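What TrEMBL records for A:86 is active site, nucleophile. Annotation source TrEMBL lists active site at A:194, A:196.
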């Protein structure tokens with residue numbers, strides 16, 4: 001069974017739901033701690049949401065420089081699938097695995113509601129979807145406004161690295177309505193909304209979010 | 001030992017809704033004429049003699065500020 005690491009930093013909130021999503025999708029979640037020096041042989045890593053280190057300095061800034069992120073950055077650059085959700089997306093940007101940054105929502109309000117997303121790229125974490133498919137997942141963040149300079153935005157669009165876009169005007173003011181992006185090889189993906197909260201109709205808006213986790217697991221099944 | 005100040009501000013082209021909200025609140029104090037406010041961070045570091053300017057620049061540019069969205073100034077004050 002494929003082993004998916006789920007990192008817990010001090011202040012992480014969504015590691016339990018992320019581990020549950022991995023289990024629902026048929027994988028084995030492996031807990032990783034912020035102070036770990038290695039990744040315990042996992043096949044992929046999820047960096048979950050929350051408020052690591054209380055959002056001190058900038059959201060994700062301290063976590064990005066914690067011990068476990070050294071091997072995550074190294075493995076991500078070498079092609080290991082890595083998914084950053086919400087604070088995890090902020091951490092991947094702060095760590096330099098993904099370009100751009102997440103800043104305060106343009107309306108200054110914390111946004112907590114379901115959003116529609118359009119899947120725009122076939123990546124390690126979206127292969128279970130079809131490009132153009134609409135999904136619904138919760139968004140809950142105060143600093144979710146994706147920004148990057150024009151050249152970076154043009155490059156992301158040109159290279160097919162905008163993975164998720166809000167189907168409505170971005171509720172946080174994200175440039176070009178970008179909700180999620182990927183690395184050049186499509187293995188490292190970050191997004192602000194929370195697919196791990198949309199895996200069971202009992203506790204979320206539906207099961208659309210499960211597709212991210214089945215996507216990465218199907219890679220390993222196909223390879224085995 | 002030396003005292004070092006690092007000031008960090010959002011880049012001019014980055015929307016600063018916090019600064020705008022502060023600017024609007026100033027009008028309520030009866031002070032008109034504040035055209036713009038940008039909100040940033042101010043750090044005071046006590047460093048020993050082994051910390052040279054290159055190290056300070058590395059601290060500022062790779063931790064205290066995020067070069068994607070912020071600019072910074074490093075000053076030794078004593």
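From the backbone N, Cα and C atoms, a Cβ is placed for every residue, glycine too.
Automatic prediction, not curation, is the source of TrEMBL annotations.
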List of residues, in chain order, with Cβ under 8 A from that of residue A:194 (active site) and at least 6 apart: A:14, A:17, A:49, A:85, A:86, A:137, A:138, A:139, A:140, A:209
Conformational class of residue A:196 (active site) under the three-state DSSP mapping: helix
